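Going by TrEMBL, these are the annotated features:
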| type | residues | note |
| --- | --- | --- |
| REGION | 1-94 | region 'Disordered' |
| COMPBIAS | 55-68 | compositional bias 'Acidic residues' |
| TRANSMEM | 134-154 | transmembrane segment |
| DOMAIN | 136-451 | domain 'K+ potassium transporter integral membrane' |
| TRANSMEM | 174-196 | transmembrane segment |
| TRANSMEM | 262-285 | transmembrane segment |
| TRANSMEM | 305-322 | transmembrane segment |
| TRANSMEM | 329-351 | transmembrane segment |
| TRANSMEM | 377-396 | transmembrane segment |
| TRANSMEM | 408-430 | transmembrane segment |
Amino acid sequence: VQTPAGLPSHEPAEPHASASQLCTSIRMETGSSGGRRLPKTESAEMRWVVPGGAYEEDEIDSSDDGDGGTDTPTAALGSRGGGGGYSDAEEDEEDALLRQRLVRTGPRADSFDVEALDVPGLYRHQEFTMGRSIVLALQTLGVVFGDVGTSPLYTFDIMFNKYPNTSKEDVLGALSLVIYTLILIPLLKYTLIVLWGNDDGEGGIFALYSLICRNAKASLLPNQLPSDTRISSFQLKVPSVELERSLRIKERLETSSMLKKLLLMLVLFGTSMVIADGVVTPAMSVMSAVNGLKVGISSVNEGEVVMISVAFLIVLFSLQRFGTSKVGLAVGPALFIWFCCLSGIGIYNIMQYGTEVLRAFNPIYIYYYFERNPTQAWMSLGGCLLCATGSEAMFADLCYFSVRSVQLTFVCLVLPCLLLGYLGQAAFLMENLTQNEQVFFLSIPSKTNWFV
């Protein structure tokens, strides 16, 4: 950055001073003269402003002119030519231009972010204390893992609903299906792969679609504002096989209208499936929980279970208006106790009925299960999928929490408790082959039935 000709300074400026050196000298100059000291920011944006000006109206518009140049003080002076003969007004304007300085300013916040009281990067460097980390973990449990955490209530009931189990090997095969479904879908797919495909912390299908449309011209609707052209995310990439493949895919996507339409249809179809899951799952979870009353009170019938479930659903959906943070913090402790109950009941049943269920970690039992009963095994896959219901919430609700917090909560707490819970139910089933309904509540020790 060269110092504009005729710019007054206390010391002779270097002919090729860097922007950072110039900003430092300007800060020292304004500080020594009693002006407002400029705060140190992480933005590399440079603007021509009047020294001491603290408001936006003091900023000089540096937009491009007709021939692509920039209106700097040097350009303004040069546009008048080198001759004299200025009027008084022109001399005053020249003096005002000479008093301008090139300073480093803070990043401009998007108007929509300011309106939503959410400026990107505002809390990016915030240090979390131990108490804040515990609160965040409880909120993660309440918001993200409530769905997958209640799946042990009904998974085995639905798997053996059409075709009751007749042997211990069938129970081991069904348990092995559940174990490897939890490992493949929530753990490998979402926790280790999909969570890293976020759009600057935003998760969900539309976030991925927005990310694709910003990096490739694949949108069927205009999705860029004029201000977006000033934002650069340039990264120097070394030529590689992956880069060449991605460039070929990008070129194919940008030139094919059929692929653009197919991509949009897949996005809408996936969103519809998420909405359908949000409609079905709460009813299944609440009714399965209330069905436990049938075990404790023999006089409770199905109609009463439905009415109690409807009342619970009305209350739960009415609470959503208080916001995700408050609801998650209220439900989080209850879900923490729930996961601890799952693991405790599982350990109790394994010790009570034997450790033979641990053989289900061998996937060969899945093959044996399909070999003996192909139709029954195929029908049980529908119930097996329910054990991973709610896994998509880890990615869809990523905007509320960080990737690391979701990963640690699932790996360290949710997954071990779920596995212990399913192992305990399978251990109970292997010793009680005729009990195909209300497996979860029947496997609970009688003294803790009402607490659970």
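Cβ coordinates are placed from backbone N, Cα and C, and glycine is handled just like the others.
Automatic prediction, not curation, is the source of TrEMBL annotations.
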Per the definition of 3+ C-beta pairs under 8 A with sequence separation of 6 or more, do the transmembrane segment (174-196) and the transmembrane segment (329-351) touch? no
Which residues of the chain, 6 or more past the ends of the transmembrane segment (329-351), have a CB below 8 A from one of its CBs? 135, 137-143, 145-146, 149-150, 152, 319, 357-358, 413-414, 416-425, 427-428, 443-445, 448, 451-452
Same-chain residues at least 6 beyond the ends of the transmembrane segment (377-396) with CB under 8 Å of its CB atoms are 143-149, 151-152, 154-163, 173-174, 177-178, 181-182, 185-186, 189-191, 194-195, 198, 203-205, 274, 277, 281, 284, 369-370, 406, 410, 418, 422
